[in-house]
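Enquirer: Supplied in structure tokens, the structure appears directly below.
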């Protein structure tokens, strides 16, 4: 848990890898995921690095594997995924694996090419068969003829499509037949008419069934056409037009006998092609099935091998070119494991000289590593979305685990809605190992990754719903109301009590639609409800007034407490980075400013709750009036909340006023004094460095007289940038801006926490409206068919509840809770200017086969 409170302590290590063992050592490091490599060749182009040839080889293997997977998927062969990830292949097996894959690719491409050629021929023959069958009915040929030229005979009794008649017209007759796409028929016919000027006769017929296109493989509707034309020039034009419209043109037989012979030959060839094609497909499937057994492991191995060579390209060679030098960031807790990994890699490679490491001092800021598990990962992602934490600063995710779902539940508080959300999240948690959940769509995967956040959000919503006594907009009477209506009747009191108090009788009850319970009447109010809000408030006409007052005060208390806690966490940062002057000159004035104004407001709210009861509530002073009078230095007309209130309030205002100049000028003046004081001891300006720690700029002395900080810059994780001179103006302006932002932020952020009240009220009112418009109407149906009406009403109510109150309202409360943490809470102590620790780990490669192919 200490790691979750603050990031891991990191160190910079130098690895000395022998050339013969570097590959195996990085393979072991990739399996363990211990270190993050630094690029020592930033000025070298990626095409000029040492292992660029090996990287290209891996890319070629990836291309081959992608082709194999494409063919396997096309054949509908299942791709098995291994339960365990295979290790990176040894170097001596890489060439063998490359030869096997290349040989398999060549064989597959050849078989696939032959298969496609056979399939195309088969489809063309099938089209030819259909064309012959359909065109047989187009025209009649009474006798076989040869084209000749004759005189023009009379045409009164001749059929237009009789070929003997056409022959006698004195022109040379030709035919073009084939198939055309259904969508191109009209344009095709218009083009023929315009180009051929009417010297063609086109006849169409639609095929009964769609056929597969031999070129594209798409199944479409086809039209069979037969074009009769006169003259060779017209024939050339017709053929060119057919080519432009991608028509499938086939030879047209001149005689019925020729048609019969062609048809018989086509049937024989089609049967032969079917037989050959089936055998080819069977052989291809056998090859693909055999390849599918090992393709998963090959893909993982190639990806690991490529990652290793990318890391090797980030290393530099020594002067002898026999040793690779790498610089890595490593958690100090994993240094022993790092040494063991290097020893294991050297042993597996069989090298005589082992690889080794040593730590080196550095003044650079290390990356941030916060170890998480499946429960804390979601909350850490919420924090990292704002900004990765600076090195070694307090991590808000530890507290977000509780505060985030709690603030969400304050806005979403409903026992019924929270219980439904809890059940949904619990279902995801119990089935978290189900493979379909990890491979689901993006929205469902988002819910799955945040299942523990949803679980706590639902659980806290149940808790706040019990406090609000709100279950689907209705109150639950678990312990019995503590308000007694019968005690308000005059018959239950003595005559003396009746004269002193306003009591009820039958006449008052009949003539007044609204009656008020007086808690000062004995027996009316019997103490507070054991847990949550009394259910009788659900019947009161002033229910909203009471709930608004309660939720508004609760929001203010929670908000100020949340922000004060953030300022206190900043003190832990200053202590850790040895900036103790920041505690006295920044954190304490901020706390005094916050507590003397807004902390006192919380005190007045709680004091009024404790001192004034229901019986004395009429004499209680208004907190709003008292708080305004505090700043106007006005005396209270009601005598105040407690004796000596004016003196206490003036003291608090005095402390608030005095804390502002300290907050504005304290830190810059102290740094100026520190700078001049150290200069008097003989340390020049060059003895100072400007330490950029997150977004702050502080000046510290690095000379031998530095007693407090000494040489702890490495421990503090500060990025040091040498500065030529001490710029007091820049430091002063930075601190003034920060102070103004904080003082104004205390007011605006406190008002921002009122969204807890606003969204809680909106959720409750929307839930109440939904109940009144649906369930209230459905439950009042008292006819014999009431059940039949109620069932669809309940179903519609459930659907609207899920989509509106759970999803839409839940998303709204979720976003507002994120806003409260990012802006109002984290800006009090969290800088978030770090870089995330990204280790060289094979686990970061996708474990799902479908993603590996992308």
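Here the Cβ of each residue, glycine as well, is placed from N, Cα and C on the backbone.
On a predicted model such as this, the values are computed, not experimentally measured, just so you know.
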Enquirer: Write down the single range among 504-524, 525-545, 588-608 that appears in Swiss-Prot as transmembrane segment.
Expert: 588-608
Enquirer: Could you confirm whether, in Swiss-Prot, the topological domain containing residue 624 has the same name as the one containing residue 86, so that both are on the same side of the membrane?
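Expert: Judging by the topology that Swiss-Prot records, the two residues are on different membrane sides.
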Enquirer: Please find, within the list 446-475, 686-715, the residue stretch that Swiss-Prot describes as transmembrane segment.
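Expert: Of 446-475, 686-715, Swiss-Prot gives transmembrane segment for 446-475.
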Enquirer: Taking the transmembrane segment (394-412) as the reference, which of 550-569, 740-764, 786-824 gives the largest number of Cβ pairs under 8 angstroms?
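Expert: Ranked by Cβ pairs under 8 Å, first place goes to 786-824.
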Enquirer: Are the transmembrane segment (550-569) and the transmembrane segment (588-608) close, by which I mean at least 3 Cβ pairs under 8 Å that are 6+ residues apart in sequence?
Expert: yes
Enquirer: Can you tell me which of 415-431, 588-608, 740-764 gets the most C-beta pairs within less than 8 Å of the transmembrane segment (786-824)?
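Expert: Answer, by Cβ pair count: 740-764.
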Enquirer: Should anything in the same chain at least six residues away from the transmembrane segment (588-608) have a Cβ under 8 Å from its Cβ atoms, list it; otherwise answer none.
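Expert: 553, 556-557, 560-561, 563-564, 567-568, 570, 620-621, 623, 626-627, 630, 641-642, 649, 652-653, 655-656, 659-660, 662-663, 666, 742-743, 746, 750, 828.
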